[in-house]
Amino acid sequence: MAELACFCYPHLENDSYKFIPFNSLAIKCMLTAKVDKKDLDKFYNSIIYGIAPPPQFKKRYNTNDNSRGMNFETQMFTKVATLICEALNSLKITQIDVASVLSRVVSVRHLENLVLRKENHQDILFHSKDLLIKSVLIAIGQSKEIETTATAEGGKIVFQNAAFTMWKLTYLDHQLMPILDQNFIEYKVTLNEDKPISDGHVKELVAELRWQYNKFAVITHGKGHYRVVKYSSVANHADRVYATFKNNIKSGIASDFTLLDQRIIWQNWYAFTSSMKQGNTLEVCRKLLFQKMKQEPNPFRGLSTDRKMDEVSQVGI
């Protein structure tokens with residue numbers, strides 16, 4: 001995760017701003033600079049290489065002292081920064097909004113995946129500039145639309161029906177901010193269209209999840225799609241989701257946290273996010289993740305058996 005101010009800076013033209021990507025030498029200069037505390041939140045002028053990010057964001061970049069930041073000297077950083085600027089420059093952003101836009105925290109890996117989709121000549125984003133810009137605006141929180149299958153960050157498709165697409169995320173192969181844990185496995189489920197979904201299509205997805213992914217929890221980050229994650233990583237997701245939710249409220253960022261379909265979401269996660277939306281503390285909400293829940297009447301009871309019998313019936317055909 002990183003603020004948009006880590007990728008670009010605003011330049012006033014007439015009554016609105018044009019956004020310009022940083023270059024790696026300017027960032028490198030900023031990382032070595034001694035800056036007064038009162039200037040830490042201001043864009044840094046490297047004199048030779050142009051404008052650099054505010055020094056308060058030093059920890060967002062990978063250095064000898066900080067291996068958890070972005071690999072900003074890669075080609076991918078330039079590609080992501082340029083793509084962000086293209087999307088922001090498609091909007092008219094004025095003095096009133098520029099600070100809140102640049103302070104927004106975005107998913108670095110999501111944006112790298114959009115670059116990879118853009119560069120894949122078999123992908124719809126390679127052929128449609130409008131859809132690409134729309135996808136980026138959704139990713140950086142400048143659109144109220146949810147991330148659907150067409151505008152998704154992408155990955156490897158492992159399941160699809162008329163209503164849903166399930167992606168295996170490919171963060172292990174990334175340049176900008178790769179996942180270093182080689183045991184990382186995570187999936188995302190997007191809606192093919194933002195419209196009501198039939199019970200039959202929900203049933204197909206639930207059957208797939210129970211049959212193939214019963215060691216994973218289905219959760220949501222509140223952005224209109226599902227995540228399928230290892231149970232061991234649920235607490236980490238909870239901390240991040242709670243922190244983002246509270247930060248958005250503090251920053252005055254209007255964002256609806258969508259709970260999604262309770263029949264699909266892991267029961268404990270649904271309780272956690274419902275409690276969070278009610279304004280409870282992280283400690284109170286977190287307890288719900290590890291609490292034994294009363295089983296709700298399940299409209300899809302026995303689906304795993306149905307799926308198993310259906311697959312057995314195909315043998316010999």
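We number each residue from 1, going along the chain as drawn.
Cβ coordinates come from backbone N, Cα and C, glycine included.
Under the heading ATP binding site, Swiss-Prot lists S107, V108, R109, K188, H221, G222, K223, R227. Less than 8 angstroms from the CB of R227 (ATP binding site) sit E186, Y187, K188, V189, V218, I219, T220, H221, H237, each of them six or more residues away in the same chain.
Averaged over the region 'RNA-binding' (205-241), the predicted model has a pLDDT of 96. Residues or ranges marked as region 'RNA-binding' by Swiss-Prot on the basis of sequence analysis: 205-241.
Here the Cβ of H225 (active site, for NTPase and RTPase activities) has 22 other Cβ atoms within 10 Å, regardless of which shown protein chain they belong to. The active site, for NTPase and RTPase activities annotation in Swiss-Prot covers H225.
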TODO: Provide the three-state secondary structure of G222 (ATP binding site) computed with DSSP.
DONE: coil
Task: Longest CA-CA distance among S107, V108, R109, K188, H221, G222, K223, R227, per record bound to ATP, angstrom - done: 18
Open item on the list: Can you tell me the CA-to-CA distance separating R109 (ATP binding site) and H225 (active site, for NTPase and RTPase activities), as a whole number of Å?
Closed with: 16
